[in-house]
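Structure first, then comments.
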Amino acid sequence: MSGKIPKYFITELLSRTNIIELINTRLELKKYGKNYQTNCPFHHDKTPSFTVSNEKQFYYCFGCNAHGNAIDFLIQYEHLSFIESIEELALIHGVKIPFENTVQNSIYVKKQKLYLLMEKICKLYKKNINVTHLANKYLARRGINQNMIDFFLIGFSSLKWNEFYKKINISKEFEQELLINNIIATDKNGYIYDRFQGRIIFPIQDNHGRIIGFGGRSLNDMSPKYLNSPETDIFYKRKQIYGLYQVIKKCSKPVYLLVVEGYIDVITLTQYNIDYAVSILGTSTTTEHIQLLFKNTDIIICCYDGDDAGKNAAWKTLKKALPYISDKKTLKFILLPNQEDPDTIIRKEGREKFQKRIDNAITMSKFFFKNILKNINLSSDDDKFHLSVHALPLINTISSDTIRIYLRQILARMIGILDDNQFEKFLYEKETKNTQKTYFQIKRTPMRTLIGLLVQNPSLAKLVPVTMKFKNLQIKGLSIFLEILQTCRDNPNIHTGQLLELYRNTTIINVLKILARWDHMIIQKETQNMFLDLLMNIHDKILEKRREYLIAKERKKGLQMNEKKEIWSINKKLSKR
């Protein structure tokens with residue numbers, strides 16, 4: 001990726017980024033000595049093993065080996081690509097990325113144009129609703145007040161595309177891009193039209209509040225009733241959640257998120273001060289949705305219609321969520337009466353009664369067994385067998401030992417395992433998959449320790465005298481040390497996170513990452529002394545090797561006068577040690 005985004009820009013971007021602040025917006029960090037700690041988000045972590053260093057701008061988990069700088073964190077935590085993580089940081093700091101690659105730059109420019117165009121179209125939709133009687137009549141009938149219209153930027157599309165074209169002032173070239181991306185379309189006569197014409201518009205925003213797409217609801221019998229924007233370079237339905245931006249804007253870490261099915265449901269619940277309602281965009285729940293929801297809350301409450309379709313949707317959601325459930329993260333369910341949805345029922349019952357439904361939501365374990373026991377006769381041995389075969393693979397996908405064993409315990413009692421030995425074996429039976437990971441390790445040597453100290457403390461480079469000569473490059477690891485030393489000298493204020501970023505995708509990056517997290521078992525104030533001692537010892541080793549070479553040469557063919565002076569100088573230096 002270094003050929004696409006200049007290294008100087010990435011280094012500058014990391015210098016503007018405080019990794020503590022970045023991670024703290026997503027995880028709750030607590031100060032521990034000079035570092036910060038929390039439970040690792042990348043594995044089931046019972047005690048805090050995720051450490052973040054403000055000094056090094058680097059994180060490391062002692063449990064699962066996750067590590068890196070601010071860019072790596074966004075890649076791992078947000079499931080972004082390298083370039084997407086750079087774009088995220090650039091957006092946070094309000095800077096433009098100077099792509100070197102013309103293709104990548106054109107993609108970036110195209111995305112920025114799309115954001116701007118979506119914003120313009122949204123404003124036009126919003127302006128249009130204020131002067132459209134039909135749209136206002138519909139919203140009034142649905143009981144949606146002006147505050148909600150403004151808060152969710154609700155609009156209406158009744159204009160022909162040529163009116164958009166004139167008001168937004170876009171080029172023909174970009175109009176073609178919109179056609180290619182299916183944002184606009186052509187009819188059988190070749191006329192361009194707005195896909196949302198005649199619909200109430202619900203703008204969809206990303207986590208920064210940027211408009212990335214729209215949902216449209218028809219006011220007549222037009223099919224389909226609901227229509228979403230086609231996917232583009234900035235809009236992916238399987239990754240977006242309607243209303244999440246509004247929730248996070250009010251509360252950065254809500255106690256729970258209530259997942260409902262429609263745009264109107266979210267808006268009505270918010271109007272009734274249920275400020276944590278969100279919606280999947282008219283599609284089935286994906287693993288990306290589950291991960292995004294759990295990043296923002298510890299409790300997901302899914303509210304579905306009580307008919308068969310709603311129950312099936314809830315069951316599918318639970319199966320998708322099982323691998324992400326932990327001791328702290330869980331799922332609950334509300335199944336509404338038939339022919340009811342959150343919008344209709346809260347208007348009938350009021351907020352207080354609806355809140356009771358939330359408070360009494362069905363727990364994950366109860367919902368799991370309620371569904372798994374459908375059509376099962378527990379007095380039948382065959383049914384017990386089928387129950388076990390069906391339930392165990394699902395239970396085994398749960399990463400939490402506590403929850404997994406608890407569900408197995410319930411299952412064991414159901415199928416009649418009462419013998420203590422059999423029961424114990426059933427509960428703690430090893431998983432078929434090997435969960436142990438093997439990590440790349442390297443042996444400790446003085447040279448690697450020296451490099452490790454420099455990687456962790458780049459400012460130590462100033463302690464190495466410029467006059468100190470390193471002529472013998474055959475000493476293992478010396479070339480790497482000299483390479484890192486020069487990089488630190490060229491970038492006087494560089495920190496560990498920036499240093500590692502400069503070596504991303506190089507042959508030595510894996511070694512450098514290991515050295516960056518080595519514990520040298522010394523107090524901080526002794527770091528400088530240890531570094532200098534190792535430096536002098538290695539320099540002495542270089543001098544000794546050079547002296548051995550010159551002595552061997554003298555025996556074979558003699559030395560030049562300058563080489564004899566060099567031996568004398570080496571002997572003098574070594575005698576002072």
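Any Cβ shown, glycine's included, is placed from N, Cα and C.
Asp305 (Mg(2+) 1 binding site) carries neither a helix nor a strand DSSP state and counts as coil. For Glu261, Asp305, the entry in Swiss-Prot reads Mg(2+) 1 binding site, with the evidence type sequence analysis.
What Swiss-Prot records for Asp305, Asp307 is Mg(2+) 2 binding site. Other Cβ atoms within 10 Å of the Cβ of Asp305 (Mg(2+) 1 binding site), summed over all protein chains shown, number 20.
Restricting the average to the domain 'Toprim' (255-337) gives a pLDDT of 92. Among the features that Swiss-Prot reports, domain 'Toprim' is placed at 255-337, with the record citing sequence analysis.
Among the features that Swiss-Prot reports, zinc finger is placed at 40-64, with the record citing sequence analysis.
With a threshold of 8 Å between CB atoms, the same-chain residues lying at least 6 positions outside the zinc finger (40-64) that come near it are 14, 17-20, 23, 26-27, 29-30, 32, 34, 70, 72-73, 76-77, 326-327, 399-401, 437, 456, 495-498, 500, 516-517.
Neighbour counts of Cβ atoms within 10 Å were compared for the binding-site residues Glu261, Asp307, and the top value is held by Glu261. On the backbone, the CA of Glu261 (Mg(2+) 1 binding site) and the CA of Asp307 (Mg(2+) 2 binding site) stand 13 Å apart. Secondary structure at Glu261 (Mg(2+) 1 binding site), taken from DSSP and collapsed to helix, strand or coil, is coil.
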